[in-house]
Amino acid sequence: MSEFTHFDESGRAIMVDVAGKDDTRRVATARGAIHMLPDTLGRILGGQAAKGDVLAVARIAAIQATKRTADLIPLCHPIALTRVVVDFAPETEVSRIVCTVTAETVGKTGVEMEALTGVSVALLTIYDMCKAVDRGMQIGDIQLVEKQGGRSGHWRLPD
């Protein structure tokens, strides 16, 4: 098993030194879901939310969050993102919306945290925009789905 990388030999928190790493293309995809009442999902999909186009605002929030990850997660490196893609998949049969975020860069460290932060903020934005009609919404299942690049190479969540 690997060791934790964000602690020194004394157990103090550190920012990992990436100076000796090569710049490589790095891609990470994360996903998560928000469960809601069927009526809430219907309002979102029908464009009937009082605050506007919920998914358009959540998409912009996700992109903005990926760019601000280092400001939110203390030991993350600021990363120059080259691409961010945000997708939403409504699942009416289970009354939820699945959000997937893919982040890319060419750099010395991965973009897993950026993708995970993007998903989290997108789902929080949906909650914020719809809480007036459904305070019982549940956010969950947030996880890394795939990462590529760097020393550890390619990893994919098992099916």
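Along the chain as shown, the residues are counted starting at 1.
Glycine is treated like the rest: Cβ placed from N, Cα and C.
According to Swiss-Prot, the substrate binding site annotation covers Leu75, Cys76, His77, Met113, Glu114. According to Swiss-Prot, the active site annotation covers Asp128.
Neighbours of the substrate site: apart from Leu75, Cys76, His77, Met113, Glu114, residues of the same chain with C-beta atoms within 8 angstroms of the site's C-beta centroid are Thr69, Ala70, Ile73, Pro78, Ile79, Thr109. Cα of Glu114 (substrate binding site) to Cα of Asp128 (active site): a span of 21 Å. Between the candidate binding-site residues, Leu75, Cys76, the densest Cβ environment within 10 Å is the one around Cys76. Counting only same-chain residues six or more apart in sequence, the Cβ atoms lying under 8 angstroms from the Cβ of His77 (substrate binding site) belong to Met15, Val16, Val18, Ala70, Lys108, Thr109. Each of the recorded positions Glu114, Asp128 was scored by how many other Cβ atoms lie within 10 Å of its Cβ, and the smallest score goes to Asp128. For the pair formed by Leu75 (substrate binding site) and Asp128 (active site), distance between Cα atoms is given as 27 Å, rounded to the nearest Å.
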